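Participant: Quick one: the structure is below, and I'll ask about it shortly.
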Amino acid sequence: MLAVHFGAGNIGRGFIGNLLYHSKYETCFVDVNSEIVNLLNEKNEYRVVLAEPTQEEVTIKNVRAINSASNPEQVIAAIAEADLVTTAIGPNILPLIAGLIADGLRKRVEQTDKPLNIIACENMIGGSSLLKEKIFEKLTADEQSQFEGRFGFPDSAVDRIVPNQVNVDKLMVKVEPFYEWVVEEPKIIGEKPPVKGITYVQELVPYIERKLFTVNTGHALAAYFGYYFGMDTINHAMENKQILELVEGALKESGAFLVEKYGFNEEEHNKYIQKIIGRFSNSYIVDEVTRVARSPIRKLGPNDRLVSPARQYQEIVGKNPEYLLKGIAAALMYGFQGDEEAVQVQAAINEQGLETTIEKLTQLDGTSSLVKGIIEQYHQL
Ligand SMILES: NC(=O)C1=CN([C@@H]2O[C@H](COP(=O)(O)OP(=O)(O)OC[C@H]3O[C@@H](n4cnc5c(N)ncnc54)[C@H](O)[C@@H]3O)[C@@H](O)[C@H]2O)C=CC1
Ligand SMILES: O=P(O)(O)OC[C@H]1O[C@](O)(CO)[C@@H](O)[C@@H]1O
């Protein structure tokens, strides 16, 4: 079985590639980083090390790679033959690979009528659906109806913390032991990809909201408050009592609406929160706050990990959240010069003012109590 995976980065090698290998796939990575592509083709294997006391190590074999910038025709040929296509490249990059995938699918229909599933493994709601939309924009109406029944784009939720790392062995990747990959079954076309480690569910939304608004909300808050209080890494931030309380406070707020909305068991959900806080505090992982805080414009978006839980808390619980709004304020203050989006946010606040910037980024109404609450928290910080 052949899997074509876009993005040979942390999640690509450390998580998805790992599961694909253990499920007997040959994995063809597609990336634009020529160093990583060349190394993968030279070695055809790499190591994954677990960030825990045992430092257990596995060797992932049966891998190769294609540089899509220089060899797009090879990517097209690989998609035409693939049994599964996956991505872990970042939400902002998905639209950029849509044309190449569309060409691959065109070639495939000339060669075979075998169905294919394309699964985006990104930190976002509806990643595969977005990729489908962008691919379908490239197609004629006839192609759209032909592709509709043949290619599935099930959405998915992926959870595994893999920090940025510089290792002597450049292919080696250190990952936390925990992982979860949930895929929506109804949108699969043909047989379910037999990947050991995928949990197939009938309805993904509760899983992805629980994950995004707990793991990613808490992580982002640890990063934004960590940066605000001058911390370098997430586990150092979590050692700070004040930050721990702020993160726990926000997760109790997101938990309150998640439990109400989806009927999760409250006690189980509290255990889930504590488990996640434990994962953030893993001292075997050196995860810089600037990685977890990256791309604040994306993270301040209306459907992302900060604004969506704040809005849903207000709608479902019936009052303004406190910690989530404080977290949004901390994200607005994030001024790391090495992050282009952080620089843009600071410039927007200086040039257009706080309220207009909040409105533009979050798409919340400037007169709403949520925006007023964010402004109040911003001035208190
Ligand atoms: N690192 C983590 O702990 C987690 C990350 N994620 C999500 O997984 C996705 C990937 O994140 P990471 O692996 O951490 O990022 P990363 O930066 O380590 O890897 C991304 C890879 O995509 C490649 N890439 C960029 N543009 C490309 C293009 N046009 N075509 C092909 N490849 C391209 C890059 O060269 C890089 O190797 C993101 O959506 C992230 O939110 C999800 C869960 C956990
Ligand atoms: O990858 P994003 O969306 O920038 O979010 C940052 C953080 O969220 C996580 O992916 C957790 O799932 C972190 O490991 C991580 O990097």
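Even glycines carry a Cβ here, placed using N, Cα and C.
According to TrEMBL, the record shows the following:
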DOMAIN    2-196  domain 'Mannitol dehydrogenase N-terminal'
BINDING   Ala3, Val4, His5, Phe6, Gly7, Ala8, Gly9, Asn10, Ile11, Gly12, Arg13, Gly14  NAD(+) binding site
DOMAIN    204-380  domain 'Mannitol dehydrogenase C-terminal'
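Tell me about the surroundings of these features in the structure.
Facilitator: Mean model confidence of the domain 'Mannitol dehydrogenase N-terminal' (2-196) amounts to 97 (pLDDT, 0 to 100 scale).
Neighbour density for Ile11 (NAD(+) binding site): within 10 A of its CB lie 27 other CB atoms from the protein chains shown.
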Participant: If you run the three-state DSSP split on Arg13 (NAD(+) binding site), which class comes out?
Facilitator: helix
Participant: Where ligand 1 binds, which of the binding-site residues Ala3, His5, Gly7, Gly9, Ile11, Arg13 are close by, with Cβ under 6 Å?
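Facilitator: Near the molecule: Gly7, Gly9, Ile11.
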